[in-house]
Amino acid sequence: MLTLAGLGAHGAASADDIKLNQLGFLPGAAKVAVVPDGVARDFAVVDADSGKVVFHGALGPATSSPDSGDTVRLASFAPLNTPGKYLLRVTGLPDSSPFEISPSAYQAVSAAALKAFYFNRASTALDARYAGIYARAAGHPDTQVLIHASAASATRPAGTVIASPKGWYDAGDYNKYIVNSGIATYTLLAAYEDFPAFFQRQDLNIPESGNGRPDILNEVWWNLEWMLTMQDPADGGVYHKLTNLHFDGIVMPNQATQPRYVVQKTTAAALDFSAVMATASRVYAPFDKALSARMLTAAQSAWRWAQAHPREYYQQPKDVSTGEYGDKDVSDEFAWAAAELYITTGDDAYYQAMRAPEQATSVPSWGEVRGLAWMSLARHRKQLSAAADQRLITNRVEVLAQQLADGWKKSPYGIPMQTHDFDWGSSGLALNQAMVLLHGYRLTGKRDYLDAAQAGLDYVLGRNAVETSFVTGYGARSTQHPHHRPSQADGIAAPVPGFLAGGPQPGQQDAQHCPKPYPSRLPAKSYLDHECSYASNEVAINWNAPLVYVAAGLQVLTPR
Ligand SMILES: [Ca+2]
Ligand SMILES: [Ca+2]
Ligand SMILES: [Ca+2]
């Protein structure tokens, strides 16, 4: 039975609510709130304890937002940089949610977003020492996984049993998909490559905390171990997914006991695997040379398989109905794998294989990964061989960052998100945009890029038309009922913390299955905080990963 009991304290956003980042801001950050247009032309920031006005400013011009149907003004208070707890006050409107200005504003949410991966670990019990009230029994040992007919080979005919334990559950379901796991794993590795000191200090309170290796690399290793088992040692090909034939019911992991299969080797899986293993090979090299070498060998054999099988697209078998992650354009996956192999090995042949001049760029998503190649090349640009076109690399990152900044400048809500960005997983998209902007900022030092990235994080933490922090457990009005089997089945009122809900998108594909209507058909308001809403309220590892990246990146890069 679904329960609506938790909704009382988090009723629908009202039209006169002020919207802002409910966690707050670093002292040196851009600080912006969205204020519904009314009689007021100015605003005040008030100390939440004393009630004293600490900042006074003029509201920006009124603009109407077609995505939300709202007419709003922006309140900007960047000069207020004294740590404290505040709220925004506008005559004629209710006060905003309280927020903090703090030098550690995003430490906790960054750690929670990473700890969410621990909460989604397959093949292990979660001990109360680490999981608190969310402790649970082990599920999905995945030590007896069947080769599906679609994946049969001479050495592994259909029905062969292999072991493929560990890894993370992909999303609200309990299956494991190489393509989506790949971009999530890469994004966490990229966060470590860009902000190593931040992550070396971070203690997640996971079983590997205190073992001398950064917790983020322990957590990522849990998934890399699984990914390595998804490669067929006979030929280097990589199975597309490890799955039930059909989705589980809404039960805890240990109650989900359907047989598990690996399904069809695909070009996309081989290339994503190759890119991730090449990246991991260089990241883990200082810690474990043998492991690093093993991962590079795995990356290279997957690459060779993909060269020999360039058009093995995923075709969902008739007896399988779980997620597809199908992708019929793998030119971007080829480019990404080539780029990572080039960076790790220094072999110019891989740079040539990338065909860099032909690769445009775009905000990364699981099916369009060209942008990851450009960000990796930019990150390592000072160590690249003469074969690499430095100007092209800089240009690809900067052009995309500038496009996003242009959208941010003209947006009524002051965010990079445009109408077409309210698509499935819009929260993850907002954070991938912010990740691109942070790369642009690292490359050029242009302050606009940092401020636009801040706006992306502000968006998912409450500066949005439904006035919701889409991160469970974080913010005064946060997602309460994510489509996430453990959160739904554990009998605990509060959702498992640190998960990013998919967010508004007007497709509303689940509307006919949901007992409660969406509040609106408008793109920015098509959000339903109900367990039924897989289309707007599911969680997914590839959305959480850029949350880890962006929260850490802003924490590190924002000037003091
Ligand atoms: Ca550790
Ligand atoms: Ca693709
Ligand atoms: Ca629950």
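Using the three backbone atoms N, Cα and C, a Cβ is placed for every residue, glycine included.
Unlike curated entries, TrEMBL annotations are predicted automatically.
As recorded in TrEMBL:
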- 15-92: domain 'Cellulase Ig-like' (DOMAIN)
- 106-550: domain 'Glycoside hydrolase family 9' (DOMAIN)
- Asp529: active site (ACT_SITE)
- Glu538: active site (ACT_SITE)
Inter-residue C-alpha distance, Glu538 (active site) and Asp529 (active site) (nearest angstrom): 10
Average model confidence [pLDDT] within the domain 'Cellulase Ig-like' (15-92): 97
Conformational class of Glu538 (active site) under the three-state DSSP mapping: strand
